[in-house]
Amino acid sequence: MSWVAGADGPWGTHNLPYGVADGRIVVRIGDQVLDLQSVLALEALRSSTLNDFMALGPDAWRAVRERVVELLTDEQHRETVEPHLSPLAGKTLTLPFAVGDYVDFYSSEDHATNVGKLFRPDSPPLYPNWKHIPIGYHGRSGTVVVTGTEVKRPSGQRKGEAAPVFGPSVRLDIEAEVGFVVGVPSAMGDTVGVDDFAAHVFGVVLVNDWSARDIQAWEYVPLGPFLGKSFATSVSAWVTPLAALATVPAPAQDPEVLPYLAESDRSTYGIDLEVDWNGTVVSRPPFAGMYWTPAQQLAHMTVNGASVRTGDLFASGTVSGPRRDQTGSFLELSWSGADPVKLEDGSERTFLLDGDTVTLTATAPGSTGRPVVLGEVTGTVTG
Ligand SMILES: O=C(O)/C=C/C(=O)CC(=O)CC(=O)O
Ligand SMILES: [Ca+2]
Ligand SMILES: [Mg+2]
């Protein structure tokens, strides 16, 4: 048991996510943060991003985590460590890592099926490739922003009656996703095997991949997502290390995948998300049901010899479950606007209005048996 007040809650020593508060690397414990460079003699922690630390790899990550648990648990360290704890309230949390490349997948069968039906009503919802290849695209890392950053409604082209129309998006949406942060890079020409995920990936963030459906629907043929998604992607301020999370079995795949995607132990994380729209929980997307696992995504992303770098972010794709109240986008939740969502304040919504706030939260089974809370990601839309 930790000597820190509040450590018996969800932010105990079983969790210990990493972040950057007032420009310094910290871990969260209860409602406080521990300044790591003050208590650990590790050069990589003298930084305002996690990148140097993440590049050190699993042995260093494990050693630091074990030492921090010891410092916060063993009463003999209290006197030296306590001065380096301070309240989280009032601190400025910045993007915890310098984002390298950003890739976004499309790995929920339910989401892909729903979007297929809504965007391409005259074709089968899943293309024949979908169960053979983790579909994804390269996004815009320069517009990945930390939770709390306002999101300005994008303008762009959308389909009109006779000619395209230009103006602010009228179908602004969210995508509730789980993001994976690369720590250990790979060399160009090398591949990362499907069983080598934990040797490269440092941790997990929550992601909101804001999406302008009207811009997207007009522009995506034939090359895929572009300006409808590149204006903002929000991530949580806390990176939950993989070590904090328990693994759970991933869904079986049929047909059998190619050997480079075949995992010896097919597992994922039991991350249960909640989507809150202006104070009303409208959806609870279950990550564990995703068809393609993050290990398969990383293997696929590098199978052509493309390297990954420290700070690369790859997101799962919208997390949707089979039920309407488990969908990770408002496109699905409102069935493209046909079925408005009622909020607790009595108002109705289809897509986002200016002033709306969306907050994604999540919990997951933890590696010690205690549940882990992930850092939230929130954003308010401005006109
Ligand atoms: O199927 C399409 O044309 C488009 C799909 C998406 O918008 C999904 C996307 O960005 C990937 C994901 O988040 O699942
Ligand atoms: Ca997405
Ligand atoms: Mg985006």
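Note that Cβ sites are derived from N, Cα and C of the backbone, with glycine treated the same way.
The model shown is predicted, which means the values in this text are computed figures rather than measured ones.
The annotation in TrEMBL ties Lys229, Thr233 to Mg(2+), and of the candidates under consideration, Asp209, Asp254, the one tied to the same site is Asp209.
Site annotation for Ca(2+) in TrEMBL covers Glu175, Glu177, Asp209, and the matching candidate from Asp74, Asp101, Asp104, Asp312 is Asp104. Ranked by how many other Cβ atoms sit within 10 Å of their Cβ, the binding-site residues Gln216, Thr233, Thr318 place Gln216 at the bottom.
Nearest Cα neighbour of Asp104 (Ca(2+) binding site) among the listed recorded positions (His111, Tyr220, Thr318): Thr318. For ligand 2, the neighbouring binding-site residues among Asp104, Tyr106, Glu175, Asp209, Thr233 are Asp104, Glu175, Asp209, by Cβ distance under 6 Å. Spacing of Tyr220 (substrate binding site) relative to His111 (active site, proton acceptor) is 17 Å (Cα to Cα, whole number). Of all Cβ atoms in the protein chains displayed, 16 besides its own lie within 10 Å of the Cβ of Tyr220 (substrate binding site). For ligand 3, the recorded positions lying close by, meaning a CB under 6 A from one of its atoms, are Lys229, Thr233; the full candidate list was Asp104, His111, Glu175, Lys229, Thr233.
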